[in-house]
Amino acid sequence: MNIHEYQAKALLRQYGAPVSDGRVVMKADEAKAAAGELDGPLWVVKAQIHAGGRGKGHFKEKEAGEKGGVRLAKSVEEAEELARQMLGRTLVTHQTGETGKQVNRIYIEDGSDIERELYLALLVDRGTSRVSFVASTEGGMDIEEVAASTPEKIVSFSVDPASGLSDFHGRRVAFALGLSGAQVKQCVALVKNLYRMFIEKDMEMLEINPLIVMKDGNLKALDAKMGFDNNALYRQPDILALRDETEEDPKELAASKFDLNYIALDGEIGCMVNGAGLAMATMDIIKLFGAEPANFLDVGGGATKEKVTEAFKIITSDPNVKGILVNIFGGIMRCDIIAEGIIAAVKEVGLQVPLVVRLEGTNVELGKQIIGESGLNVIAADDLSDAAQKIVKAVKG
């Protein structure tokens with residue numbers, strides 16, 4: 001689960017990390033008063049969406065102006081006008097795709113005197129099963145670009161969970177960032193607070209980009225991005241309360257309510273599969289035969305008829321879907337349950353696109369019988385390769 005920048009900074013503030021004072025507004029009329037509560041004389045007006053690259057992005061609407069989603073105001077009146085330009089508009093960045101995201105919140109914060117821009121992040125390294133720090137002197141830009149062009153400017157190391165974090169980890173980060181003197185002590189304290197927050201809040205990723213050195217020599221987190229482990233949200237009610245469902249794909253949101261593992265993609269062939277590995281293989285073979293998957297969807301091993309029905313409805317709600325491939329290898333998941341769910345969904349929402357079904361495993365004959373006697377226009381397949389070829393042919397001709 002992701003949260004907005006203003007929410008991330010509130011968390012940073014709780015854990016003693018240095019951040020600018022700021023206010024969030026949802027109406028342009030509130031912006032002038034919000035900016036007036038801050039010191040000024042420079043205000044930063046930021047669009048709040050769950051995507052990076054806001055400053056380099058652009059708005060679809062001409063009314064929003066030609067600048068990106070991070071703008072500077074030199075008066076409270078200008079802050080109000082900038083908020084008015086951005087609220088309700090669609091911001092497009094390299095992470096949103098051409099669809100973009102609507103801006104429903106604006107964060108106004110005090111400007112900062114920037115001497116240097118640095119990069120600092122914590123993430124779960126799945127290779128080592130540890131929390132890793134990533135630090136670079138090249139802040140204020142995409143870390144992917146730095147990694148590709150100047151990888152030597154990135155320092156990364158993990159923390160042994162048995163011994164935990166020590167001061168030398170903080171000093172290692174400080175030296176990697178080129179800090180000296182009192183800044184090293186600030187960095188050690190910051191690293192301790194960030195690590196404690198990362199562990200206590202069950203985070204998957206915490207990125208501060210940029211972490212700035214101000215002209216007075218102090219450090220400050222100028223931007224923050226946080227991601228949390230969905231599987232741990234049951235014990236993080238305060239984090240769950242920060243969830244902004246308007247920032248999530250409606251189909252992914254609906255899937256989460258039925259415990260379906262769904263990720264929307266850009267292709268034309270919808271997939272319903274049981275098991276993440278088989279789902280990945282299904283997507284790969286669709287691409288192999290010349291088409292693109294419209295989604296990743298794992299219904300899991302203990303799916304019910306209702307769950308399968310909902311999964312099918314989510315797939316068919318995507319206007320880009322031109323065909324559907326159901327690929328089930330029944331172990332715990334019974335093929336007859338899948339068949340009953342498909343039939344129930346088709347009766348409810350109809351079937352306007354080709355449907356290829358490949359069933360194998362537990363109760364496979366019963367599943368095929370149920371589909372065969374349903375009267376549905378279903379294309380049967382014997383194996384995965386056969387199924388992929390048939391759905392691609394049905395869609396592309």
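Cβ coordinates come from backbone N, Cα and C, glycine included.
Site annotation for ATP in Swiss-Prot covers G53, R54, G55, E109, S112, E117, and the matching candidate from K46, K74 is K46. Of the residues proposed, N230, N231, N261, N274, the one Swiss-Prot records at the same substrate site as G331, I332, M333 is N274. The two recorded residues E117 (ATP binding site) and M333 (substrate binding site) have their Cα atoms spaced 52 Å from each other. Sorted by the number of other CB atoms within 10 A, the binding-site residues E117, D223 start with E117, the lowest. Spatially close to N209 (Mg(2+) binding site) yet at least six residues away along the chain are Y119, L120, A121, G139, G140, I143, D223, K225, judged by Cβ distances under 8 angstroms. If you take the C-beta of E109 (ATP binding site) and look for same-chain residues 6 or more apart in sequence within under 8 angstroms, you find S20, D21, G22, R23, L38, W43, V44, K46. Nearest to S112 (ATP binding site) in space, judged by Cα atoms and limited to the binding-site residues N274, G331, I332, M333, is N274.
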